[in-house]
Amino acid sequence: MGSVPLFSSPNAGSVTTGGNLWRSKHSTKNIYYASLQHKRKTRIEYNLLRSQQSSLNHQYKCNEGGPTYKESNIKYVVKAAPAPSGSESLASSPKNIFDSVKNFLVILYYFCYPYSMIARTLCTISASFLAVEKLSDISPLFFVGLLQVLVAHFFMDLYINGVNQVFDLEIDKINKPYLPLPSGKLSFTNGVFIVVSSAVLSFWLSSIIGSRPLIWSLILCFLPWTGYSVNVPMLRWKRYPLIAAMLMFSSWAIIFPITFFLHMQTFVFKRPAIFPRSLIVTVVFLSLYSIGIALSKDIPDVEGDKKFGIHSFSARLGQKQVFWICVSLFEMAFGVALLAGVTSSACLWMKIVTGLGNAVLASILWYQTQYVDLTSPASTRSFYMLIWKLLYAAYFLLAFIR
């Protein structure tokens, strides 16, 4: 006999079905609201994008004057502009122009051996002051005459030092690789152009000035120093140490001081040519000092000179022997200037300055000799630069000797 449930109802199935229907409707309603919210959000974003695009199109139209395009058909074309050339970049940037000029001047500075140009400039000033007899001689006329020599000889110095570097290119790659030509900072073609144009400018200026002592000074510098450097048959005199020393002696001890003095004495002041005691002292001092420079300049370059067949005194006699010969010559030169200073006809304070000054220079030179390492090119080159600096100071003292 089948059992009957105690709590049975004929509507139980309908209740279950109704609950499922209610949940289905509730879920559909949620999906509807979610879809509606998503559409609303999408519509807002679309309107925002439209507004931004419209603003962009309007801006493009205002700037370019072109038509307004539909958002769905917009194309962007990117045109590559060529990079500015070097000249355009320099023209548009004053800083670049300044840097280029600065770099060129630095290269030119090392191309012209500045230590020798400074010494020659000071020689010009010192020798010109020897022609001053009274305080009124130091006038604008004096400075114009001084400037005439300085400018003309600046270009001649540039030629002399430049032509030496042009023909010593291979040697300098060993001895002096830091110079503009062997280091590649200055091209060979530009170096030759600077050398030739400097010689032309020097003679052109002297012809305009019209001073005979100045013209002869330039000629007597141009001819021998061209023969010293140019590598052609019968020339290249730097291979012969005696001739090289004679060129250094004649230029620094005779040509420079005498022609500079005569330019100021005869051309500027219109006075007869004379050779005062002060000029003779200068010539004697520079005779000893210039020979010492001629010998000492090859001490750091022995390696390269031997390789290229340049038999300098340092390569033949040895660096040590040549070094002490040079020191003796320098000390003798300072001794001559000291004696000439203390026996000068000038006032007492000038005697004290010249005498004491030369004694100090001689002491500095002797003191520095103990620190020179003859096996080190850097050390010997540093000593070589020292003797030029001492010469700078000596030129100042020579101008006071009377």
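Positions of Cβ are set from backbone N, Cα and C atoms, glycine also.
Per TrEMBL, compositional bias 'Polar residues' is recorded for 1-19.
Residues or ranges marked as region 'Disordered' by TrEMBL: 1-20.
Long-range contacts of the transmembrane segment (107-132) within the same chain: residues 138, 142, 145-146, 149-150, 153-154, 157-158, 161-162, 165, 178-181, 185-186, 191, 194, 252, 256-258, 260-261, 263-265, 268-269, 271, 276, 278-279, 282, 286, 385, 388, 391-392, 395-396, 398-399, each at least 6 residues beyond the stretch ends and with a Cβ under 8 Å from a Cβ of the stretch. For 107-132 (among others), the entry in TrEMBL reads transmembrane segment.
Residues or ranges marked as transmembrane segment by TrEMBL: 141-160 (among others).
The transmembrane segment annotation in TrEMBL covers 186-206 (among others).
Sequence annotations record features per position, and here TrEMBL assigns transmembrane segment to 213-230 (among others). Sequence-remote contacts of a segment are chain residues at least 6 beyond its ends whose Cβ falls under 8 Å from one of its Cβ atoms, and for the transmembrane segment (213-230) they are 148-149, 152-153, 156, 159-160, 163-164, 166-168, 199, 202-203, 206-207, 236-238, 243-244, 247, 250-251, 255-256, 259-260, 262-263, 266-267.
Annotated transmembrane segment per TrEMBL: 242-262 (among others), in sequence order.
Residues or ranges marked as transmembrane segment in TrEMBL: 274-295 (among others).
Residues annotated as transmembrane segment in TrEMBL: 322-341 (among others).
Residues annotated as transmembrane segment in TrEMBL: 348-367 (among others).
Taken from TrEMBL, the feature transmembrane segment applies to 382-401 (among others).
With a threshold of 8 Å between CB atoms, the same-chain residues lying at least 6 positions outside the transmembrane segment (382-401) that come near it are 115-116, 118-119, 122-123, 125-126, 129-130, 277-278, 281-282, 285, 289, 292-293, 296-297, 299-300, 326, 330, 333-334, 337, 340-341, 344, 346, 350, 353-354, 357-358, 361, 364-365, 368-369, 372. Distant neighbours of the transmembrane segment (274-295): 123, 126-127, 130, 244-245, 247-249, 251-254, 256-258, 261, 265, 313-314, 322, 325-327, 329-330, 332-333, 336-337, 340, 345, 387-388, 391, 394, 398, 401-402; these residues of the same chain sit at least 6 beyond its ends, with a Cβ under 8 Å from one of its Cβ atoms.
Through the fold, the transmembrane segment (348-367) approaches residues 327, 330-331, 334-335, 337-338, 340-342, 386-387, 390, 393-394, 396-397, 400-402 of its own chain, all at least 6 residues removed from its boundaries and within a Cβ separation under 8 Å.
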